[in-house]
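Copied from TrEMBL, the annotated features are:
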BINDING   189, 190, 191, 192, 308, 522, 583  CoA binding site
BINDING   384, 385, 386, 408, 409, 410, 411, 412, 413, 499, 514, 525  ATP binding site
DOMAIN    81-468  domain 'AMP-dependent synthetase/ligase'
DOMAIN    530-608  domain 'AMP-binding enzyme C-terminal'
MOD_RES   608  N6-acetyllysine
Ligand code: ATP
Ligand code: MG
């Protein structure tokens, strides 16, 4: 595969982190973690500054992770109150509605007033420190007020993405024993209303745990049912409460939030993050990875229902006093140029999005991008899946006009924030490489038997992390045993990420995909990401997903699901051309056995391809698809099964 590098542009010669500072700081973070983290902790405002830095054990019988244990702080105060003196009139949030005519800006002073009132409303309905509060909201500023209001009171929020079904919401209410729900009458995406309150009503009916109070934000004015005594309108309570609300002093290890993982691999887990370590990690990574500047307009396109939205719409940017843009809509509505229209309208400097969105926008061609002014952009980011080099180049050359570095950030819900990423002023870029570890992060590779692979030279294997970092999850909510089994039992003494990786001869890290997805073709290990990238590199292909299936001769065969660009239909010539393409890019060993053309792929609601389900379909095991509750569009599965049956 092409391994061309892109140099650090001159515009980043004065970046926060340069090649030299990266080396020095990384070295110090490993050699002198006490000193390094004591310094980094100072980026927060503490009520009591921490003297103890960390206390960690990954042992089976004594698994515990504690950072800044004797520190006391409040996350909400760090995101709002401490900025009031110097940034009171600075825009904290820019809200861009689904309907392009609707948008507004909220200053730090206004954010303070909204969040204090919201917190007082929660108190009024009975929310107390330590209570779990489920938030099921559209992408509107009130979602941020709700999260920060919980943090202000010391209540633990569990944000459940607005696209989830009543059953999925009910399961999450039960799992964390949530007495309260915050929602809105409706959400709007691509012009269509989403019945959030109705879904919450049905979820509460189905849940075993009794919900005592529901706070409802009026967004579209749709007719909704109201249960007397249980349901409350936000705009009505807002009139009854004070505009000042004291913040609860929290210990660093008090829980901040629970977030259920997106479910690409199985039953969602309640990932628990605590206050001090998470906030240090969120603020630090937002600052360094995005080379944060005071005048930046930072746009993370994720939903607040995912960890990316938690860390890089809310906690990271606001802790740094940044201007964070929040977008209610979808990338291609009302037209294929919506993203670029938003960039031009709000003079976005930093755009952070996912490969799934980049591939979808690339399908629409260059014209929708080029007709909008992108001169404000200085940095681009990617997160969520490996980015195919082809999509990377389009993002770099067409979107970023070749000027803007791309930070490909590898991390997980479990890790709180970035763990492996390029820093724009520190590293030359290789398209498709996650690049280098964040400060304090020690990635390592192990083989399937658990042997450590050498730290020198080119290596490929299972990605583990040696030691802890402040943003690491602390447990699976209510199931510490599952926490151990999932992450620490496979390779004892290390945190196992579940992902495979390659470190190249220059020390760059490449994520090869989930370990469960690795192909074994006649004894050769192949990452799904590599084959997919070879397919996507073909002019006609928009997206591809590759899985293995039992093959008499090779052990495993290569089964490729392929989506062509807008408006194209497959032919036998296309199929032959794609096989030839993979053979020439990777080698004969990687030649696809089956190409299954499909207009779309099954994805999680966060936009990730669900290879687990595709594998079952390829194997013909249609009744063993497992949990499909987190699929964005379940109909795709039926049509894939039908085609698979026809293919025999
Ligand atoms: P679940 O854990 O419930 O199966 P999930 O793993 O999709 O769901 P997330 O925590 O949102 O939930 O995603 C983390 C995973 O996404 C990583 O483990 C990795 O597989 C993939 N990923 C995220 N960012 C990148 C990236 N920049 N490059 C490659 N892979 C990435
Ligand atoms: Mg995961």
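Heads up, the Cβ atoms here are built off N, Cα and C, so glycines get one too.
For residue 514 (ATP binding site), other Cβ atoms within 10 Å of its Cβ number 21. The local packing around residue 583 (CoA binding site), expressed as other Cβ atoms within 10 Å of its Cβ over all shown chains, amounts to 15. Looking at residue 190 (CoA binding site) and residue 411 (ATP binding site), their Cα atoms lie 29 Å from each other. Neighbour list (residue 189 (CoA binding site), Cβ cut-off 8 Å, at least 6 residues apart, same chain): 98, 138, 328, 329, 330, 333. Residues 384, 385, 386, 408, 409, 410, 411, 412, 413, 499, 514, 525, recorded as contacting ATP, have a largest CA-CA distance of 27 Å. Across the range of the domain 'AMP-binding enzyme C-terminal' (530-608), the DSSP-based residue counts are 24 helix, 27 strand, 28 coil.
Each of the binding-site residues 308, 409, 413, 522 was scored by the number of other CB atoms within 10 A of its CB, and the lowest score belongs to 522. Cβ contacts within 10 Å of residue 608 (N6-acetyllysine), excluding its own Cβ and spanning all protein chains shown: 21. When the binding-site residues 190, 191, 384, 386 are scored by other C-beta atoms within 10 Å, 386 scores highest. Comparing the binding-site residues 192, 411 on other C-beta atoms within 10 angstroms of each C-beta gives the minimum for 192. A distance of 35 Å separates the Cα atom of residue 413 (ATP binding site) from that of residue 583 (CoA binding site).
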